[in-house]
Amino acid sequence: MSDYQHRARKRFGQNFLHDAGVIDRILRAIRAKEGERMLEIGPGQGALTEGLLGSGAQLDVIELDRDLIPILQGQFGDNPRFKLNQGDALKFDFSQLQAEPHSLRVVGNLPYNISTPLIFHLLDNAELIRDMHFMLQKEVVERLAATPGGGDWGRLSIMVQYHCRVEHLFNVGPGAFNPPPKVESAIVRLVPHEVLPHPAKDHRLLERVVREAFNQRRKTLRNTLKALLPASAIEAAEVDGSLRPEQLDLAAFVRLADQLAMQPGNAD
Ligand code: SAM
């Protein structure tokens, strides 16, 4: 370890894990194995990195804060299975890792301000990914793992569940971090489907229908989707237009998106 004392930076969302019990529980949930391809986003001062490398996995890390680079390099740089990438994970081109399809295991105690865009960026490369384990704000994990009918069910739940199976593994209190965040956290596991259970003709149209429907979540679908779909198309999707968006499951949204694909202007 170097003598340099790193001061946590708010703008990089730095809340470093220091509770050995929590770190161990996370590593046991991930169960990294020798030879696996792993990617850690935001390794910070290496709280999870050490255990991940200890498993014998091949580990790439992406860290944005330049001041942490010498610390990480000093701690792990001698290990031939460790590769440090300095930069913004939101801009990182995951194809450069040249991972086999469905092989990459992604891990991160994520900065909360980038967690949602980062998950969407990773889902653009879902075919490379075997699974993802993230520490997120507990409220975000509840939205990811939500089921239809409740207030948590929305755009994030639907678009992530379109691509992945979601498991809310366990919660972590603020005391496990230094400095402690103001919110509760939780660990989530996302496993991209090898075969999509409800494939849409065009997933961009699914995004559009979902966004439009949840823009005004108190209104009926007939109302919110008026500009996109005539009542007859909603009926053809076997959806009751008098329902509100939170009452619809993923399969119903996919049927609406497929009706949208057949509307003039969107048809092939
Ligand atoms: N993994 C460490 C731990 O558990 O103690 C650090 C977690 S801390 C919540 C988030 C880390 O992500 C910090 O090291 C921060 O510098 C880094 N980070 C923030 N924004 C990033 C970005 N856009 N790309 C890559 N790393 C980022």
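Glycine is treated like the rest: Cβ placed from N, Cα and C.
The feature S-adenosyl-L-methionine binding site is assigned by TrEMBL to N15, L17, G42, E63, D88, N109. Taken from TrEMBL, the feature domain 'Ribosomal RNA adenine methylase transferase N-terminal' applies to 22-194.
Feature annotations (TrEMBL) mapped to structure.
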residue: N15; record: S-adenosyl-L-methionine binding site; Cβ neighbours (10 Å): 23
residue: L17; record: S-adenosyl-L-methionine binding site; Cβ neighbours (10 Å): 20
residue: G42; record: S-adenosyl-L-methionine binding site; Cβ neighbours (10 Å): 23
residue: E63; record: S-adenosyl-L-methionine binding site; Cβ neighbours (10 Å): 25
residue: D88; record: S-adenosyl-L-methionine binding site; Cβ neighbours (10 Å): 11
residue: N109; record: S-adenosyl-L-methionine binding site; Cβ neighbours (10 Å): 29
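Following the DSSP three-state reduction, the secondary structure of L17 (S-adenosyl-L-methionine binding site) is strand. The record assigns N15, L17, G42, E63, D88, N109 to the S-adenosyl-L-methionine site; their largest pairwise CA distance measures 21 Å.
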